[in-house]
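Annotated features in TrEMBL:
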{"type": "BINDING", "residues": "GLY73, PHE78, ALA124, GLU125, ARG137", "note": "S-adenosyl-L-methionine binding site"}
Amino acid sequence: MTSSLIQQYFPDLSAQQIQQFDQLFELYQTWNSQINVISRKDIDQLYERHILHSLGIAKIFSFLPGQHVMDVGTGGGFPGVPLAILFPETNFLLVDSIGKKIKVVNEVATAVGLKNLKAVHSRAEQVDQKFDFVVSRAVTKLKDFYPWVKDKFKKGGTGDFKNGVFYLKGGDLQEELSESELKNIQLFPLSDYFKSEFFETKYVVYFPAQ
Ligand SMILES: C[S@@+](CC[C@H](N)C(=O)[O-])C[C@H]1O[C@@H](n2cnc3c(N)ncnc32)[C@H](O)[C@@H]1O
């Protein structure tokens, strides 16, 4: 399997980025058979359901060179690994509270030669660093998530986006968003960018640090 689906939606990739995305299939196939980081029945859908889904954030916002981004609860590296390939001059810290998942991330990142990514075994709450942005997917409800990261933002912003959170969410979000009591939430449907059934119910949720 190759990264042709990714190239379809991101036509300006460099030869190195294409090679890195191509390498991911075999790497995840191998590592996932030893340490489960994505559902085994999903491995054939790696490019659509994991890599392209992660890159949905990049359709909304382009991280800048030198910015610092934390991926909370990265598991096997989503969305952090695909974003670190796409934004090679942005610094990514991938965090997970399960050490063996971080081992997979480090193996994959080393194999594809990612120099802008560091993965650490830690609870997000315990990370003592400040970031421009936090990204995440499938970790917990926003009401419980935001307190983990609320004191971890630098002041600042880029264009329409003040430093804050880009969270990949699916399904009916009304109740979750209202119980979170977060202000200035923006929802971006990924069906506006990616044409397949999988993305019909998927969103990027953005809110500024508050
Ligand atoms: C369902 S997995 C999602 C993994 C990945 N983001 C993805 O979408 O494939 C949730 C992950 O969050 C991690 N996690 C849960 N609470 C955490 C916390 N407080 N700090 C860091 N990681 C956490 C779990 O260990 C688990 O790997």
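Every residue gets a Cβ built from N, Cα and C, even glycine.
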Maximum Cα-Cα separation (Å), residues GLY73, PHE78, ALA124, GLU125, ARG137 listed as binding S-adenosyl-L-methionine:
19
ARG137 (S-adenosyl-L-methionine binding site) CB neighbourhood, other CB atoms within 10 A:
24
When DSSP is mapped onto helix/strand/coil, what comes out for ALA124 (S-adenosyl-L-methionine binding site)?
helix
List every residue in the same chain as PHE78 (S-adenosyl-L-methionine binding site), at least 6 positions away in sequence, whose Cβ is under 8 Å from its Cβ.
ILE38, HIS50, ILE51, HIS53, SER54, ASP71, ARG137
Per DSSP, ARG137 (S-adenosyl-L-methionine binding site) is which: helix, strand or coil?
strand
Most Cβ neighbours inside 10 Å, all chains, among the binding-site residues ALA124, GLU125:
ALA124
Using DSSP reduced to three states, classify PHE78 (S-adenosyl-L-methionine binding site) as helix, strand or coil.
coil
